[in-house]
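**Q** Here you go, one structure.
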Amino acid sequence: MKKMFHVGSSALLLLLTLQFASWTQACVSPETKCDFVCDCTHDCSDELDCGYRGKEFECDFEDAGRCGWTDDSLSSQYLWERRQRGSSLPESGPSSDYTTGTATGWFMGVTSVKSESQHTAVLTSPEIKESSATCRLRLRYFLWDSGRSGFGSAPLWASILRQDSPEIVVWRPEASSVRGWREANIFLGRNPSRFQIRLQSRRSEGQKGDVAIDQLEFLNCALPLPKSCAEGMVTCGNEGCVEPRQVCDGTDDCGDGTDEMNCELKGYQRCDFEEDLCNWDLRSLSPLKWVRTNQKDISVSDPMQGPGRDHSNNSASGHFLYVTVPEPGLTTDWAAFQSPSLQPTNSTHPCKMVMYTHQFGPRSGGLTVLVADREITPVWERGGSLGDVWVKAEVEIVTDLTFQILIMAAVRDFAYGGIAVDSIVLSPECRRSTLNNTLEKFPKPPNDPCTEPDKMCDFHEDCAAAEDEAKCGDFSQAEGSSGWTDSSIGSQRWVLHENSTHKDDEYLYVVEAPGQQLTAAQTRTPLLGPSGPACSLSFDFALTGNPAHIGDLSVKVIDSLLGERPALWEFSGKTGTDEESWQHAEILVGIRKHRFQLAFEAHARKLCPCAKMIKVRNVHFTGCHVSYLPFSPTGLSCNFEDGMCGWMQDNSDSFDWTMFSGMDHTIKVGTSLVVDMWSPSLRGAVGRLISFPYPAGSTDYCLSFFYKLYGPNTGVLNVKLMHNGGSETLLWTRSGAHGNTWHEAHCSVPHQLTDFQLVFEAIRSGFDGRLAIDDVVFLEGSCTVPRICSFEGQQCGYESSGQVRWLHHSGFTSTNGPKSDHTLETPLGFYMMVNSGATVLPSGGTTVLTSSVRQGTTKTECVSFWYHMGGEDPGSLSVFMKPVKGDRVKIFSNSLDQGDVWRHGNGNISSGLVDWQLEFEVVGAGGKDTHVAIDDILLSTHPCEDRGSRCSLETGVCSWSNTQNVDMDELDWELTSPEAEQHYSIPVEDHTLGTEKGHFLFLPSSNRTEANEKARLLSPHLPPTKGTCLKFWAYKPLSSDNKLNLWRLSEGRLHQLVLEDELGGSWTRFDVDITSDEEYQIVFEGVKGTSGVVALDDIEYTIGIDCSKKVTDVQTSGKSSNTGGIAASVIVVLLLIATLIALLVYYLRTKNRAQATSGPSSSSAGGGFSNDTYESQDRVAFPQTQNHPVAAGFNDIPDYAEVTEMA
């Protein structure tokens, strides 16, 4: 019975397989493949690898097949390749792909090239059957000249290759360098036979990935499908449907040409300029003339010249009329041509003209149609540049006199571009006349501009009666509404409703248009600005009618250098049913460094001729002049609870900082400014906050703030000083994991001779973390001494004295010092260094690096630092705590050359209430080419743990550190607590305290970065050992596919100690014996999977004692001197006794006075916030530790304190 069932099942499976094969053969054939129609309705397999995939006709290059695109470059020196960003922020190319916005996403980018001659990289699509007249390819492209070698004239363009005609250019973006993805539309148009698309780049020098593309979308490319046509529609020969206005309009809208058949027999006069001028007259009073030409005659080598193709045949050999700047130069900025004389018309039978215009590049100033009877009257205009596309225009002419049609172009003197006209069609009502009219008067020429062009519409009145600001788009000006120019190329457009008696009744509204492209209606201002930080746009809008969804409305900025920017504001749906259902909007335009245009874009789902469904009125600009700065009562000091104070978004960057509620430093539940690197909508590399300009002066300033850098793959936070000329100086920087807590930073700002601005800059080098700032204070005077100093940007107030100066160096600037710093582990990082060789610092000579004075405290504090001693006999390094009064106390000393490595040192400081300074003293030993360097000084508010060997992670990571060496790992271990966590899934309690307040290190998984990326946590360098015990606790849930490796690193080689895949879902203890004949480091390596987390807590190692508590190594005295600690303790006792006596006397004297003056006290912080606002909120009080079921001796947990730092 089972055998029969098995045979039956096999037969059924075979039958289904054969049936599926027959279905596939039926729907996939050469005639139906790659025609933008899913004939295989179940999976659209007939449209697979056609330059796109699936029913959405998209390609994101995530599949290795690249949707069928192939590299057909002309040489091996310059190619297209499928690429990812990589594990670190690249020096060239995109910071991520566009589709996913992460390091794991794929895109197509060019290889690097360096050659004396130009090379062309060619990316070719598969063969596509045909496309409709409305077909366009929307894509995201990247153009960044990272090497500053120059783009040349054609770093990127698109062309179409057909078997029956020469290659034609269809898209040429502005060759401006922007480090970010931009969006563009390539209008492919009607291609009646099989064709391929080519994306090309031509350069002689450039970096890898600096030209890239991603996220291709083919839109409206299919021909009309056979169906029953609605009433009023025209049926095509292929049973598709078109509108009556598309018949005999010069475009094959049906796809089989039947809508353009027999048009001459119907009385239409058509001219495609293929044979001659068709009685159009190119003679003109202007010395600038239109010419009949084609792209082959203009240029076949320079893709930036000419329209690239005609409209009539969509080919490079097709003819059109064209005007541009002539070779000798521009002497007159207009050119015109005219029709023959035509008979009078009337409103019931108007003369209708259809034409197609190509207005490309900055040379295109606009196009106007005029009617010349007894006077010359403008009847239609289209301004500016519309892109690399042929755009349909319809003009109706009604006049009771014999007339001519004049077509006039305005040409601007710029580098490239021009204006073309093709496929002019006159309706049967446009009848030839044998009569000629005599002009009674010519129109008055326009007045010369009252000021230079860059001062027109700059939000400042430079001319009498504010003539220069009269037509700039602000409805409060008498002619302001006329400043908006329709730039639509599709089936909808904007129209101005004017009312000469009631100006308040003026508004812009959307109507049907003749354009064949299915794009949004757009209207633009003239070039405006530049603008200041307070610039805002306000307007009323209405989307009204009976349908549930009327359409969409948005506001965009079109930057003269950066191009079209993302939408500033968007609305979708409806405001009401009644036509007067207006709503009000106010939008911050902000600072714009370049001239720009504002644009309203709208698209109605379905327009009704009987109603004005999308309208805009009362458009006003406020506070837009570049020098206008709004008043801020706190200046640059800001806690962000009531806005951004004196800070603003940089609109030339890639992304914005966001106001985030529920995680701030001030009140814990308030607002801070945040960049979420894990946000799926984030794109680009840089987000910047810029301060309002600050005046020059002789005063130094201090910028203090609280910040978070949290996550395993966060990025970089910089503070920069922007000078008046635009150059920038780095003042402060932090990168890598800093724990899920707020840190305080102080940044000295030296006095400036010119006005300046400050910049907070977030660099998105990572994709998994959060960066935040809060409680910014900017005050006159020097900064207090920082608790953390990395020497990046500044020296943190440390000064040099003695026989030799300490130098602020980096690996690039130092000749005999460390090749890289400790902070960044790169040659770019800075440190303090002294040359201790005998030729510079003689034997016995001394040099001292001294901190600023710190305020004394009764608590014992720990100073830790990293030092580098190179060469034979480098001298001795000693660290002292020097009270303001009294003898200094040694807390650390070392005199050995310990190789080309950074080593960790620390010492306890017990100063009592006496102010003190930190001194790093080097004594020369007569060595040759030797040095001593210091980096990453940290002063913690708790005593040092024993050589860093026991670390509960409650006060930080002790002497353990995440490596920043990109060759060793890609991610960081991060410090958090369950109480503070808001994003990651982590253990509900730590091991040390067994509560949600306890801290631990963890590595999460996410799809933001590649699987199998590593995070390595390194111990200090430890001495050779015959047996050292390492104890730690680890956590990994059963659902996690992360891995935990434990290594011993010595002499650059890794030796595996532990590989752990499964931990059972609870905290698990590990005891590991380590033996080594060489100096070594312990390395905890987390390997990221696709889900889950791995965590560490309570790490301890006992040098020279193995896990059976056997002493294995001969114990030697430590390199740190204990006498300093003993002497400091004696000083503390004496100082405490004196202090208690003084306090007792003071208390007795003031007791009665205090009782008489009860009531609340007040304090103020001049120029900033009150002390209450900035009182430290980072201290966590831990309850008395209970015996945890798996406690391992970590019961003595000091209080956690916030950390104050500086560059």
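Here the Cβ of each residue, glycine as well, is placed from N, Cα and C on the backbone.
Sharing the record's features from TrEMBL:
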- 1-26: signal peptide (SIGNAL)
- 57-223: domain 'MAM' (DOMAIN)
- C229-C241: disulfide bond (DISULFID)
- C236-C254: disulfide bond (DISULFID)
- C248-C263: disulfide bond (DISULFID)
- 269-432: domain 'MAM' (DOMAIN)
- 455-626: domain 'MAM' (DOMAIN)
- 636-785: domain 'MAM' (DOMAIN)
- 787-946: domain 'MAM' (DOMAIN)
- 949-1109: domain 'MAM' (DOMAIN)
- 1126-1148: transmembrane segment (TRANSMEM)
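What does the local environment look like for each feature on the list?
**A** A C-beta separation below 8 Å, combined with a sequence spacing of at least six in one chain, links C229 (disulfide bond) to T235, C241.
For C254 (disulfide bond), the same-chain residues 6+ apart in sequence whose C-beta sits under 8 angstroms from its C-beta are L223, P224, C236, G237, N238, G240, V242.
Shown in sequence order, D259, E260, C263, K266, Y268, R270, V425 are the residues of the chain, 6+ apart in sequence, with a C-beta less than 8 angstroms from the C-beta of C248 (disulfide bond).
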**Q** Counting Cβ pairs under 8 Å that sit 6 or more residues apart, are there three or more between the domain 'MAM' (636-785) and the domain 'MAM' (269-432)?
**A** no
**Q** CB neighbours of C263 (disulfide bond) within 10 A?
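**A** A count of 17.
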**Q** Look over the recorded stretches 57-223, 787-946, 949-1109 and say which has the most C-beta pairs under 8 A to the domain 'MAM' (455-626).
**A** 57-223
**Q** With every protein chain in view, how many other Cβ atoms are within 10 Å of the Cβ of C236 (disulfide bond)?
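**A** Result for C236 (disulfide bond): 23 neighbouring Cβ atoms inside 10 Å.
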